[in-house]
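Undergrad: Sharing a structure below in structure tokens format, with a few things to ask.
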Amino acid sequence: MANPPQPSLGYPLTVTPTNPDKSTPQPEKTPISPSPPVLPGASIFPSRNLQQDQNSSPSIKTPNLLSPSNGIKTGSPIPHLSTPPGPPVFTSPVRPAAVPFRTSPATPQPVAFSSGSSLPTSSPPHFSDGSLELQHQVPLAIEDSISLEELPHILFSAHKVLKQKKLANVSSLGFGALISPGRKISPGPQIILRDPHRCQNCGAYANLYCKILLGSGQWQCVICRKLNGSDGEYIAPSKEDLHNFPEMSSTMVDYVQTGNKRPGFVPVSDSRMSAPIVLVIDDCLDEPHLQHLQSSLHAFVDSLPPTARIGIILYGRTVSVYDFSEESMASADVLPGDKSPSQESLKALIYGTGVYLSPMHASKEVAHQIFSSLTPYKLNIAEASRDRCLGTAVEVALGIIQGPSAEMSRGIVKRAGGNSRIIVCAGGPSTYGPGSVPHSFSHPNYPHMEKMALKWMEHLGCEAHRQNTVVDLLCAGTCPVRVPVLQPLAKASGGVLVLHDDFGEAFGVNLQRASTRASGSQGLLEIRCSDDILITQVVGPGEEAHIDTHEAFKNDASLSIQMLSVEETQSFALSMETKGDIKTDWVFFQFAIQYSSLYQADISRVITVRLPTVDSVSSYLGSVQDEVAAVLIAKRTLLRAKNYSAAIDMRATIDERIKDIALKYGSQLQKSKLYRFPKELSLLPEFLFHLRRGPLLGNIVGHEDERSVLRNLFLNASFELSLRMVAPRCLMHREGGTFEELPAYDLAMQSDTAVVLDQGTDVFIWLGAELAADEGRSAAALAACRTLAEELTEVRFPAPRILAFKEGSSQSRYFVSRLIPAHKDPPYEQEARFPQLRSLTTERRTKLKCSFIHFDDPSFCEWMRSLKVVPPEPS
């Protein structure tokens, strides 16, 4: 069949069935608990494009449709939210944001087709037990116990789906899910040491929601409704007996294969032995920075397990590769930094007598000697003008990781058990050799050279990804590192770029966490949905998977994403819409995550979710998870905020969202032009208000490089970190070392208290002036706050700065700027949203009111009313 007309790049293609309302067998009606998930507190970078080109995309396949009832028609491309002139107005159906080609993650659009007849029309076989119908696999007792809260990998923005397309596809609210493929959970999923049973039509996996023909062992796919055989495995006297199969009793299972399928496979007791870490260190640091860096490096080496392999490279005008074969002294081989290393020089290095990657148990002392021998920069040249051949150094690091196999053909390059890591410790920009830019912005050819450097760095990142190596860039100090030039290297390899104030504590912690955050490698994410659901956009650290990277099935309409790395601190944000009015009582989603674990086992993690469909708008809104919905909206919004002026436009978009949600789902007040925001979504406007004025879209962060790093980090971050970056968490210290969680309002700034504010990438500790004056109480409160901050961020990556300051200090402005200025609201509204005020005496209340300085920034309630919307009652 000929391909349908091709839209312009970045625009989704709409393909709808001619018979979308065709009836299908309806499963039993058993509700899923819509209770909201329990949210703890928690960590990475936007991907390259998932390109929307129907002709050139091999992973989006046009199936061979045998039945004429399955004819398709192509719709016109969905129009986009216009930005200039003026803010966009949201209308139905969904209009995904226009995303330029080759910048940030775009909108993958799988072509979904309605299935053919779900059951064979020929007479069914005779069963000895007399049963002629499919048995529903999930008994009532198990069904009631299945909860979405038990699936931390998958978070839906709502636990129910609206049947009416017009109401479901209100783009200002939207529907979608957050997936964290590499997330570790305890206890782990059930493990199956055999091949899975998969639908031969669409590739979906057998699961607990399938209907089973007990007499023959056949099972009906929940995605395409086709009947499949199980080689007799699912033949059972009763459906209860099928619960012995893990996939028939659990929503999440791991299929594990441990066979030796790869050249160069070496079974190891500790996985890190086969995935080396190479430190690439800036050799142009002044003495204060170098001293901090040395301390962090010494601590890093001490934190590594004995079997971890490490390499050390220094770069400045040349590249020095340290040799671990000399136990009594720090020696290095030196390569020029003005050009890429030749094959001859790499061969001479790799096949020489030097040892450049060595396990820690044999080389810890040598590593300490190397770090101790580092010397500060001696020439009298400004930091920004020093020659740094960062690109060449990373190329050399890739060469020694690849080792002798570098000359092998591409098809049989040996693979380590997990992602190898290159961690660059940078104190300034790349200004020498390949991928460099001139020292000065005033250079007459700077724009062209920067463009060439961007291309070269992205190519180097892609090459690192091909070699199964992640490049993390940990930058510190006061010298600008030219973030736009370095970002493509980290992004294309699946790594991160993080800015630090210095090479001290936070840098050292991130150095340690960067080396251990991998969950596996060679990741592939496949997403299959019921025919009624269409995926319109994906944001996350991946790219469209090529057809040769995964098994192909006849009518497979799945979305396949090649993950750049498999790490716990990442997530993918999916935006979805319904293709038509839904006739069934349930819709199904299946997520298959295939990757190689650190121990070289091939794992296929299969998660199957079933959501009920409803006619009632109130029931749907009641199932909306405000935190997840806010994070998904924020990721869609940040995708378009590529610079400061675009971020200002996105603030106007947030305003339009609030107005449109109130218009579509709220109610108009009698004899008024005001709309009441739906009470079921009482938390959502506050989250979006925080987003609008916070560091991601607001002007709290001063430099565009810093904003760019935060935006890129946010677009790939886990749900927990993303939520904190959108809306901070406020905790007030109480006597006895306990903490009370409060709304993030400036009313928490009471002079006799200490307050902790967790905003994801920073944790602020604020000490009131009265408390600070009492040395004993102040010290105890500060220690308790620091302990809490460390506990909240124990596994977070990047590790946040923990900053403490007193009331009235210049630094406290950072704290104030992240809190909603609720002091501007009338007293009755303050008490309604901040009940803790009622416990204050009149004197304390007056003193608190007098402590605030007037400024023009509106409160949350003032902002809502300016949009002609009545703020929702606090929940």
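Every residue, even glycine, has its Cβ placed from backbone N, Cα and C.
Whatever TrEMBL says is automated annotation, not expert-curated.
TrEMBL lists these features:
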REGION    1-130  region 'Disordered'
COMPBIAS  15-27  compositional bias 'Polar residues'
COMPBIAS  46-73  compositional bias 'Polar residues'
COMPBIAS  114-125  compositional bias 'Low complexity'
DOMAIN    196-234  domain 'Zinc finger Sec23/Sec24-type'
DOMAIN    278-504  domain 'Sec23/Sec24 trunk'
DOMAIN    521-613  domain 'Sec23/Sec24 beta-sandwich'
DOMAIN    627-723  domain 'Sec23/Sec24 helical'
Undergrad: Quick one: find which recorded stretch in 278-504, 521-613, 627-723 has the most Cβ pairs under 8 Å with the domain 'Zinc finger Sec23/Sec24-type' (196-234).
TA: 521-613
Undergrad: Counting by DSSP secondary structure, give me helix, strand and coil numbers for the domain 'Zinc finger Sec23/Sec24-type' (196-234).
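TA: Split by secondary structure, the domain 'Zinc finger Sec23/Sec24-type' (196-234) comes out as 0 helix, 10 strand, 29 coil.
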Undergrad: Would you report the average pLDDT that the model assigns to the domain 'Sec23/Sec24 helical' (627-723)?
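TA: That stretch averages a pLDDT of 91.
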Undergrad: Counting each residue once, how many in the domain 'Sec23/Sec24 helical' (627-723) are helix, strand and coil under DSSP?
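TA: Here the numbers are 63 helix, 5 strand, 29 coil.
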